[in-house]
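Contents: one structure, followed by commentary.
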C-alpha cells in the first residue's frame, strides 16, 4: 500500500481516539466540515467546534444524525427509520432521499471494511480516485448548511471523474502515451524516461539548490557530464529539453544580462526534490491537458515513475489542474466518443445527469443549495456512478486491471545507486534498478531474448513471411517468399539447401547479423531448397516478369536449365519492387559485416565435397561427406591490399554463387525450338571447393575433358548477368576463378526480330539471357566508343555446344592456383565480373545471337582477343545501353556506398588497375582428334560474344587497361614491314555461308583439339610463341586465298561476319616483301632462344606495343620479366565482327605487367594486327573462307 493511503482509509475509525466506529459506543457523527468523530469523543469537547479545523458546530450534538453510511461499512445494522426530524416535512423528505443515495454509494466502499486501516482495493469496481471522492461525499453532514455545500461539490467532483473514467475506458493507452510525448516534444521539452529523468532533476537540484545562478549552457553541461557514465545517451540537446520543461514550469528566477546569456536561479520553493518533481510532473500533466489527452493516474504513475506507487500523487496534481470548464468539455468529449463507438452500454442516458452535475458551482463560497437541488444532485451522482460501474463490469474491454508498466530495455539492467551507496533503496521492489547480481543478470538475459526474437515483417508487393524464423547460432533459415511473384515458397532446412545437401551452412555469429541477413533476403528474394530447379522457362519467371521484378536466377548445384533430372537445388527469386521503374540492383546476400562468418579460400582443397547427384553419362561421381563430419565453410581470401569494405563478401557457400538471370531468359520468347535433352544428365558439382559454374539458360554445361593434379575445374568465367558486387566482389583471383565455366553472355530483348539461320546441327532453342542488367551498369564506359564505331554486321550464327552431339570442342582456360597472389591489391570494381567473355570456343557461340542485328564488338575465341575500337555509328549502339544510361542518370552517386562510383565523363575507376600482374599462362587445352591441322579464324566466327569488348575496347581506358593486359597480352612481331596494305577502305569480311559447312567445322575443331596433348608439354615461353604461331598460320591461309577478293563484301550485313584482322603500323605501311616464313621465325623465336620474347613487341589486349627503335629481329628479343606496358599511339586489333572507319587510340598505363601466355590450338584463332597509317586509308582486303587476300 502507498504510504499516504492510511490518511484516507482511516475514515472508518475515530481520528481522536482511534477506535473503529461501531453502532453502540463509537457511533460516527459527521460535522459540517466533513470531519467524522465518534459520539464519545464529540461529547468530551470543551467547545462546540471541530477539534481539527476549529469550525463551529451550529447544530446541537445530540441532534446531529449518526452516519449510517459509515456504519454499514463496518458491519453494523442500519435502522429503517432514524430519529432525526427536520423543521418541516418537505425538507425531511428531500433529506431522506439524499441520505439514501449516499448510503447506496457508500456500498462501493464495502471492500475497505476488512479491518481497521486495512484497504483491499482489488475487489472494488471503482478506481482509487473515485473511491477517494466517494469517501469525501460520505463524510458530508447533510443536516448542516456547510455540509450540504460540500456534498454538492463532492457530487460534482464524482460526476466529473466519472466522465473521465468513461473516456479512459474508450482510449488506447499505447496511442495515448505516444500522443503525450509528441505533445511534450512539440513544446520543446522532453521526458527521458523514469530513471534518467529522475537523475537529471537531481543533478539540476544539486547544481542550483544552494541558490547559485548559472547560465543554461553551464547547467546543461554539468548535468550531461555527470550523467554520461551511467547514461551514455545523454546529450546536451536532451538535457536542454529537460531544463526547458522546468523553465516552462516557472521553476527558475531568470536574471538577464546584456550581451550575455541569462542566469537561472532555482526558486526557493523548489529547492527540494519533492517540490521540484511535483512541479515538473504538473507541467507534463498540463501539457497533456492542453493537448486534450485524458490519462488516468495509474497511467501517469507508470509513465513518469515506471511503477504504480505514485497514482495518488498524480491524482492530486490532476485535481489541482482541473478547471470549472473542464467538466462540460469532458461531457462533450464523451458524447463524441459514444457516437464513434455506437454506445453499446447506452451511456447517453447519463448525459442529463452529467450536465446537471456540471452546472454545480465548485466555488467554496457558492450559495447554499436548496434541499431539492441537493436531492437532485445526489440522485444524479448515484445514477452516473452506477452507470460507470455497470459499464466497467459488463462492457469494458480491459476491465479494472492495473496497467502493467511497459517493458523497458533499461529496466533493472544496472545496479541501484542508492542501494550501493546508502545500503538501502527507498523505492524498494518498485525500483527500476537491480538490487542484486541475480536480478541484474536475469533482466539482462531477458532483454537479450527479447532482442533476439524475429518478428514477422511485411514484404514488398504483398510478400509475406510464411514461417516465423527462429534464429540459432548454427543456421539462418530463410522462409521469405511471395506467393504472388513466385510459384512456390519452400522453407530451407539448413539455411541454404536441403538437409541432405552437405553444402555448408551460413554460420551466424550473433542474432543481429542473423536479423540483418534475413532483412536483406527479405528485400531481395527468397532462398529455398526443395530439390527443384527451374527447367527452361517457368511460370514463376513469367509471373514475375509481369510485375517488373528484378532479374531472377535459378540457383542450383546443377545447370539451372538442365533438361536432366535434378534432385537438390536452391532457387533464388528476387522480390519485385513495384516502385522501381527499372531493374534494381540490390545485394543478394547480406552486406559485409564483421558479425558474419565467411568462407575460406575457394582455391584450397577442402575435406568435403558438394552433394552427390544422379550420375548419367561417363562422369565420375564426386565424393560425399562422411557421416558425422561437420561441413567446412571455405573463406575467400582477398588480396592483402584490397580494401575490405570495398569487397562485400559472398555469404553463401561456393556452390550457390551463381549469377541471377533475367526472367526474360526463361520465357518462351525464343524463336527457336526448345533445346534437346541433355545427353550427359545432371552435371556433377565441382568437388574442389571453388565456385560451381553458372549456366545460362541456353546451353548445357559439359565438364572439362581433362583433369589437373591439384584441382578439377569447371568451364566457368565470371557471370555476365546481374550478380551484384556484394555477392562476388572479391579479389582478382575470385573474379576470374579459373576462367572456365563462368562466361558472359550478351542479351537480346525477346521482342527483337532475328535474322539468323542456325546451322542444321545446332538446334538453337536457347533462351536468351537478358543483358539489360549489365547494359545499365556501364553507360559511360561505352560512351567514348559510341562516337567512333561504325555499324557492324551482326553474326547470329548459333553455337554448336547446345547440340546433343558431343563432338563440339571443349576449351578449358585456367589460371594457376596462385593467380591472385601475384596480383596487387587494387580494388576490383563490381561490374567487371559481368562483362567477361568466355575463352572457350565451344561455349562462347551461344552468346552470338544475343543482340540481334547489332554490331558485335569483339571476337574472343580460344583465349585470343580481337578488339573492335573503330566503329563510328552511334545510333546502332546507343539503344543497347539506353536502359543502363537512363538508370545511371537517375541514380546519384553515393561516394562511400558499396556500389560502383562512375564518372559521367567515363568509367575512370571501374576496371582493375595495372597493379594486377601475373606470370602465369592462360592455358587452353582440349583433347579431341589426333591430327593437327591449321584452322582459319573464320571457322570460329560463329562463336562471338556480343559483349567481348570488355576484353578489347576497354583497353584504351588509361586507368583500367591492365584489367585486360593481364589476360590479353601477347608478344607479337611487328608485321608492318612484311605486309602490303590495301589502298582502299574495304574491310576484310567473311561470309557466314562457309561457316555452315558442318563437316568442315567439325573436322577442323577435332584437329584443333588434337593439339592439346602436344602443347601441354610446352613450357611457358612456348605458350607465347605457339599462340603467335597460330596467328601466322592464319596469315598464311589468308595469303593462299588471294583470289577471293570481293564476294564477301556484297553479302547482307545480317548474314555475314566481317573479319577485320589488321596489323597496324605507323612506320612502314607498305612493306610486305619479306617471306612469311621469315616473319614466322622471327615471331616465334624458333631459330634462337626459346625463353626469349621475339620481337620485343608486347600486345596489350591484342594491341602491339609501340617499338621505339628498329633493330634486327634477333636484337628485339627481350625476356618475359622485362615486358613493360608502353603507351601505344594508334594501334588496335580489329574484331572479326567489326566494321570500322578509324582506329581508336589505346592508352595503357605504364606498369610492369607480365603477360599471360595463352596456349591455343593451331588455327584456333589467328590474331592479325595492323598499324593504321597516319592517313587512315590502309585496310586489308576481304577474306574468303578464312583465307587472307594480299594486294
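From the backbone N, Cα and C atoms, a Cβ is placed for every residue, glycine too.
When 549, 670 are looked up in Swiss-Prot, the one carrying the note phosphoserine is 549; the rest have no such note there, which does not rule it out for them. Here Swiss-Prot gives region 'Disordered' for one range in the set 644-680, 681-717, 718-754, 755-791: that range is 644-680. Of the residues 409, 1119, Swiss-Prot records the annotation phosphoserine for 1119.
Here the candidates are the binding-site residues 33, 35, 50, 53. The one whose C-alpha lies nearest to that of residue 14 (Zn(2+) 1 binding site) is 35. Of all Cβ atoms in the protein chains displayed, 18 besides its own lie within 10 Å of the Cβ of residue 35 (Zn(2+) 2 binding site). Away from its own ends, the zinc finger (410-438) comes close to residues 193-195, 230, 306-309, 444, 447 of its chain (Cβ-Cβ under 8 Å, at least six residues beyond either end). Residue counts for the zinc finger (410-438) under DSSP (helix as H, G, I; strand as E, B; rest coil) come to 11 helix, 2 strand, 16 coil.
In sequence order, 33, 35 make up the list of same-chain residues 6 or more apart from residue 53 (Zn(2+) 2 binding site) whose Cβ falls under 8 Å from its Cβ. Here the Cα atom of residue 38 (Zn(2+) 1 binding site) is found 12 Å from that of residue 50 (Zn(2+) 2 binding site). Each of the binding-site residues 14, 50 was scored by the number of other CB atoms within 10 A of its CB, and the lowest score belongs to 50. In this structure, the binding-site residues 17, 33, 38 were compared by how many other Cβ atoms lie within 10 Å of their Cβ, and the smallest count belongs to 17.
Summary of the Zn(2+) 2 site environment: with the site residues 33, 35, 50, 53 set aside, the chain residues having Cβ atoms within 8 Å of the Cβ mean position are 31, 32, 34, 51, 52, 54, 55. Per DSSP, the region 'HEPN-C' (326-396) is made up of 52 helix, 0 strand, 19 coil.
Mapped onto DSSP classes, the region 'HEPN-N' (91-170) shows 63 helix, 2 strand, 15 coil.
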